[in-house]
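Participant: Below is the structure I would like to discuss, written out as structure tokens.
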Amino acid sequence: MNTADTRQRLLDIEKQIASLREEQATVKAQWEAEKELIHTSRRLKEELEDLRVQAENYERSGDYGKVAEIRYGKIAEIEKALEENNRKIEARQASGDLIMKEEIDAGDIADIVSRWTGIPVSKMLQSERQKLLGIESELHRRVVGQDEAVRAVSDAVKRSRAGMGDEKRPIGSFIFLGPTGVGKTELARTLAEYLFDDEDALIRIDMSEYMEAHTVSRLVGAPPGYVGYEEGGQLTEAVRRKPFSVVLLDEIEKAHPDVFNILLQILDDGRLTDSKGRTVNFKNTIIIMTSNIGAQLIQSEMEHLEGRDADAALAGLKEKLFQLLKQQVRPEFLNRIDEVILFTPLTRENLREIVTIQFNRIKETARRQRITLEISDEALMWLAKTGFDPAFGARPLKRVMQRQITNRLSEMILAGQVGEDDTVEIGLENDAIVMKKK
């Protein structure tokens, strides 16, 4: 970074500090004014109580003149002042500008508990109600073209938080079927972030690591005397530490059959006992299992899914996939799953939306380097067309955007062609992506 850039950065920081100091002065003045109002309210209440005690003492001693003077003079005057002071506090509270409160309420406690623990409070506040009502539209912002999956997951969460779900079982349990790259993992990640304000609330376990019988015990912990006993189970320990989470079991069809015995207990009772004898509560988790069962069948049916008989073809495909699933998974396990959801292959229209989502992520990364990215509609369309591969979903698109935008932008930064506060235009010329400094 050269001297001019350093000087400009220093000026920007000084302006920001000056702005923050001005904001601090305003907030401090407001805080002092509110503090004075609350202090006045307390003082007047104390004076009122003292005068009432005095009036009672004079009444017992028979001095009714003093009683009348206090009750109909001084007390009335202080009550009027207290009412006026309370009116000012209520006016600030109604406008939403109140910083301080004389008394804390249930909402304040709920907010602090949620902030400290990351656990949503049992009594739904108005803000949480709005958040839950908007869950479907929020999930649609990041997961494209999977309406049935988004609706099913949203309904399960709403049932649970409204108190209408089964209290003895997890919030929801789902099997996601579908080809690779269509949003199965992305939906789980988005759900964890939206519900618990933290992507780390997603507990992801790759079931291909549990293909052998001797590996199954690692889910609940090694038995006493075996290596790894002190570490706890990979599933139970993760949920014990984060009881409010989304549990993603990737590629469930690869797991050893004994794994389903463990999962059966979770789906039935909402709890599991680890190797140390501790009972782990799964009642506040969402269990999502993904599977690539029938991926080849889906690819072979692709041409029918985009035709006029798309709905009929999709219904037939679902039935075939369910039959394949029955061959891999025991009936008693499937009966305890809330829903088996088919993720449909992405269309060209879906990919256009995904291009915008992916580009916004690249744009945000560049913004942190103080570089602005702008892209034309033609370039977005070209990326969607080039990255479209029905067999592999959105993953080829991510590679195309990395190759065409991220890699080339990195080279421009390293070569000194682009620096802080610059704008880079991304367009299309001669059927190729071009990047120019504005």
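Glycine residues also receive a Cβ, built from the backbone N, Cα and C atoms like all the rest.
Swiss-Prot lists these features:
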- GLY178, PRO179, THR180, GLY181, VAL182, GLY183, LYS184, THR185: ATP binding site (BINDING)
- 1-94: coiled coil (COILED)
- 1-118: region 'Linker' (REGION)
- 128-345: region 'NBD2' (REGION)
- 346-438: region 'C-terminal' (REGION)
Participant: Just checking, which of PRO179, GLY183, THR185 (binding-site residues) has the fewest C-beta atoms within 10 Å of its C-beta?
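Facilitator: THR185, out of the binding-site residues PRO179, GLY183, THR185, has the fewest neighbouring Cβ atoms within 10 Å.
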Participant: Please work out the helix, strand and coil residue numbers for the region 'Linker' (1-118) from the DSSP assignment.
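Facilitator: The composition, in the requested order, is 103 helix, 0 strand, 15 coil.
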Participant: Using a Cβ cut-off under 8 Å and a sequence separation of 6 or more, which residues in the same chain sit near VAL182 (ATP binding site)?
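Facilitator: Counting only residues 6 or more apart in sequence, the Cβ neighbours of VAL182 (ATP binding site) under 8 Å are GLY145, GLN146, PHE343, THR344, PRO345, LEU346, GLY393, ALA394.
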Participant: Just how many other Cβ atoms lie inside 10 Å of the Cβ on LYS184 (ATP binding site)?
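Facilitator: For LYS184 (ATP binding site), the 10 Å Cβ neighbour count is 27.
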Participant: Around the recorded ATP site, report the further residues of that chain (criterion: Cβ within 8 Å of the mean position of the Cβ atoms of GLY178, PRO179, THR180, GLY181, VAL182, GLY183, LYS184, THR185; site residues excluded), sequence-ordered.
Facilitator: PHE176, THR290, PHE343, GLY393, ALA394
Participant: For GLY181 (ATP binding site), what residues in its own chain, 6 or more apart in sequence, show a Cβ-Cβ distance under 8 Å?
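Facilitator: LEU346, PHE392, GLY393, ALA394, ARG395, PRO396 - these are the non-local Cβ neighbours of GLY181 (ATP binding site), listed in sequence order.
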Participant: Just to confirm: which same-chain residues, 6+ apart in sequence, have a Cβ under 8 Å from the Cβ of GLY178 (ATP binding site)?
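Facilitator: Looking at Cβ-Cβ distances below 8 Å from GLY178 (ATP binding site), excluding near sequence neighbours, one finds LYS184, ASN292, ALA295, ILE298, LEU342, PHE343, THR344, PRO345.
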Participant: Count the residues of the region 'C-terminal' (346-438) that DSSP assigns to helix (H, G, I), to strand (E, B) and to coil, and report the three numbers in that order.
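Facilitator: Once the DSSP states are binned, the region 'C-terminal' (346-438) shows 51 helix, 21 strand, 21 coil.
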Participant: If you average the pLDDT over the coiled coil (1-94), what number do you get?
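Facilitator: Overall, the coiled coil (1-94) comes to a mean pLDDT of 84.
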Participant: Under a criterion of Cβ-Cβ distance under 8 Å and sequence separation of at least 6, what residues of the same chain contact THR180 (ATP binding site)?
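Facilitator: Once residues fewer than 6 apart are set aside, THR180 (ATP binding site) is near ASN292, ALA295, PHE392, GLY393, ARG395.
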